[in-house]
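Trainee: Mind having a look at this structure? Questions to follow.
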Amino acid sequence: MALVSNPKPIRFIGPNQPRRRNFSMNISVCCLPHSKSNLREYEKREKEALLPPEVKLSSPRKDIDFSDPFWKEKFQEDWDKRFRLPHITDILDIKPRPSPFSLKKSRTPPEDLNGEALDTWNGYVNNDDRALLKVIKYASPTSAGAEAECIGPDCTWIEQWVHRAGPRKEIYYEPKEVKAAIVTCGGLCPGLNDVIRQIVFTLDIYGVKNIVGIRFGYRGFFEKGLDEVPLSRKVVENINLAGGSFLGVSRGGGNISEIVDSIQARRIDMLFILGGNGTHAGAQAIHEECRRRKLKVSIIGVPKTIDNDILLMDRTFGFDTAVEEALRAINSAYIEARSAYHGIGLVKLMGRSSGFIAMHASLSSGQIDVCLIPEVPFKVDGPNGLLEHLERLIQDKGFAMICIAEGAGQELLQKSNATDASGNPVLSDSGVFIQQKIKRHFKEIGVPADLKYIDPTYMVRACRANASDAILCTVLGQNAVHGAFAGFSGITSGVCNTHYVYLPIPEVITAPRTVDPNSRMWHRTLTSTGQPDFI
């Protein structure tokens, strides 16, 4: 393989640099067109040369050896192992049976040219069906959002497939012998009753008659006096018309071994667990203990959180409703601020470690001047600080609107070592902190300011699901039942890239999903608010 030796320097002009400030570099380019490794290196160095000095490419993943020519194949193999769905046949020798779930009841089969029935459609999802988790092919590591998504220094495109959700042609449980249980854990969330209702409806269609609800979260497995609640189509018919949880909720959980003892004693075959990250971690532990004991029990999660902070998923049920309810508070604060002399509206919304509610509410309202979220640090005092910006807003437009997530600015506050029942740190009140800073500042500079502080924290979750969330809850509830009858366990049902999929629980609980400050959605929010960087 011949290489060009001692080539002349190739000079590139950076797009943001004066033309006299050129970049030069020596590149040895392979003469043979099929030598892709050298061409990739050439393209990578060319991209680096085109960048201004202050821009650095994101470093490649450290868990991959990109010098290995087979790294893509190894990555794909590892991906397939990670996203393989655990199945009860992994531990038990069970033969499948035809599914009683059918969509042909009122459907006229198509006919061929001779007028004979021709019906190959059955409405079932094939076990080999997959959905793409990511669909954007980044051309450069500097593209918006690429830093969090790119694999490799040159943003190599790799297809990342996950299992499609839905009813299977074969099932691994006899419906008439199944006892199914539903439990809702953590805090309240719009849509809990919709999911409960749809799980019961779908189980009923399969032919399951023994359905129970576990009261007040995991506590219902071991707390004395908390009896099972018999569930049927008639019992849950209208529970979706109200907010809250028909079964009740609680945070924290008991000993995993005790919970599985209870599952075994109650002869539960399918357990549907509705909750967030912590609840799913508990579900995974229950699943592993059931497998250790070789129990024929399917543990199925349904992701629930208004914070929208579960990894890999487009959104979780309750989030859309929470944003819609948050808009009511923002509109009220806007009216107060707009109507007052030097009015300032301050709204604090939920968002412990993820600012999705605050970001989406700010973007949808179009009334917010400043959006503060946990993922983006900010300073309050001094040049380029929040207070200086508020002064300009009062001077230029006569009023100002601020939306802050509860977890924003915690680095500015005194930390508490206290934790709640779920083990989450108890946050300091960022809303009250900003409120006091604003009042004190405008008093000190002698400028009158009329601040109205609204904290609708629990109002955004203690309500009935809106239309969008109700549809999502319906599909998630149905798919949870389909997954259990298909024999899967230790999985959760979600929506990824607009498609409904099954994911192994460990892949969604490694960390909370957070807003990417380099994402297009955050950039859109900044374009809407017009706020500067408070640094």
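Heads up, the Cβ atoms here are built off N, Cα and C, so glycines get one too.
Marked as Mg(2+) binding site by TrEMBL: N277. Annotation source TrEMBL lists substrate binding site at T305, I306, D307, M350, G351, R352, E406, Y458, M459, V460, R461. Taken from TrEMBL, the feature domain 'Phosphofructokinase' covers 180-482. As annotated by TrEMBL, site 'Important for substrate specificity' applies to G278.
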Trainee: Tell me the Cα distance separating G278 (site 'Important for substrate specificity') from D307 (substrate binding site), rounded to the nearest angstrom.
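Mentor: Approximately 13 Å lies between the Cα of D307 (substrate binding site) and that of G278 (site 'Important for substrate specificity').
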Trainee: Could you state the CA-to-CA distance between the residue listed as 'Mg(2+) binding site' and T305 (substrate binding site) to the nearest Å?
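Mentor: It is 8 Å, counting Cα to Cα.
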Trainee: In whole Å, note down how far the CA of G278 (site 'Important for substrate specificity') lies from the CA of M459 (substrate binding site).
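Mentor: The separation of the Cα atoms works out to 22 Å.
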Trainee: By a 10 A CB contact count over all chains shown, which of the recorded positions listed here is most packed: G278, G351?
Mentor: G351
Trainee: Around the Cβ of R461 (substrate binding site), how many other Cβ atoms lie within 10 Å? Please give the count over every shown protein chain.
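Mentor: R461 (substrate binding site) is surrounded by 23 other Cβ atoms within 10 Å.
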Trainee: Do you know offhand how many angstrom separate R461 (substrate binding site) and G278 (site 'Important for substrate specificity') by C-alpha?
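Mentor: Their Cα atoms are separated by 18 Å.
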Trainee: For the binding-site residues listed here (D307, E406), which one has the lowest count of neighbouring CB atoms within 10 Å of its own CB?
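Mentor: Fewest other Cβ atoms within 10 Å, among the binding-site residues D307, E406, is found for E406.
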Trainee: Cα distance, G278 (site 'Important for substrate specificity') to T305 (substrate binding site), nearest Å?
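Mentor: For T305 (substrate binding site) versus G278 (site 'Important for substrate specificity'), the Cα atoms are 11 Å apart.
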Trainee: Roughly how many angstrom lie between the C-alpha atoms of G278 (site 'Important for substrate specificity') and E406 (substrate binding site)?
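Mentor: With the alpha carbons as reference points, the distance is 19 Å.
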Trainee: CB neighbours of M459 (substrate binding site) within 10 A?
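Mentor: Around M459 (substrate binding site), other Cβ atoms within 10 Å: 14.
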